[in-house]
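What TrEMBL says about this protein:
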type     : residues       : note
COMPBIAS : 1-18           : compositional bias 'Polar residues'
REGION   : 1-21           : region 'Disordered'
DOMAIN   : 26-203         : domain 'GTP cyclohydrolase I'
BINDING  : C94, H97, C167 : Zn(2+) binding site
Amino acid sequence: MSDSPQPIDTDDTGNSFPTFDRERAEAAVRELLFAVGENPDREGLKDTPARVARAYEEIFAGLYTDPTEVLNKTFSEDHRELVLVRDIPFYSTCEHHLVPFFGHAHIGYIPGQSGKVTGLSKLARLIDGLGKRPQVQERLTSQVADALMERLEATAVIVVIEAEHLCMAMRGIRKPGANTVTSAVRGGFRTNASSRAEAMALIQRGR
């Protein structure tokens, strides 16, 4: 199998992204089945390389676009208070073991002087798109926060992610149910402790 880099595609804005190589992915899955001692030609596995390749194309779809572009669609509102969406379900893939981690994201921001706000569904699409990459939870949390600061010109941003990692649940230490919590604060939430505490209280409210 060649070690050459993935083909590159360019979008309308000039940004470059890798493209999914389905043939190469299928060949890699077939080799992996051989490596673990299986026969990829037996009845139950004959179509597995193709199925896994299609699944990976979907699971890693965030590599082939810029997920932060969902925030390009904004509208102006005279609102300078916290906008918070809690308990957004998400799935991602641990880049260390290529197994899932999943949980809930809580995303909040205070609009800046530009008055830019985005549709609430766009916050869910943002975590979904950035999660569809080989990830670590810490980076995912920061990427969501940075995207909101940059694209919305927000005054303050807070992102809290709670997730279970199957690399801890089904292998290694084998502790199913253990949750990892990460947070990222930007702007006013970093410098103003009372505002940050208010946002955290709203995230935790009713729990």
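Think of each number as a place in line: the chain as shown, counted from 1.
Placement of Cβ uses the backbone N, Cα and C atoms for every residue, glycine included.
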Exercise. With the Zn(2+) site defined by C94, H97, C167, which remaining residues of that chain have Cβ atoms positioned within 8 Å of the Cβ centroid?
Worked result: T93, E95, H96, L98, V99, F101, H165, L166, M168, R171
Seminar exercise, completed: Whole-number mean pLDDT, the domain 'GTP cyclohydrolase I' (26-203), equals 96
Problem set entry | Assigned element (helix, strand, coil) containing C94 (Zn(2+) binding site), judged by DSSP | strand
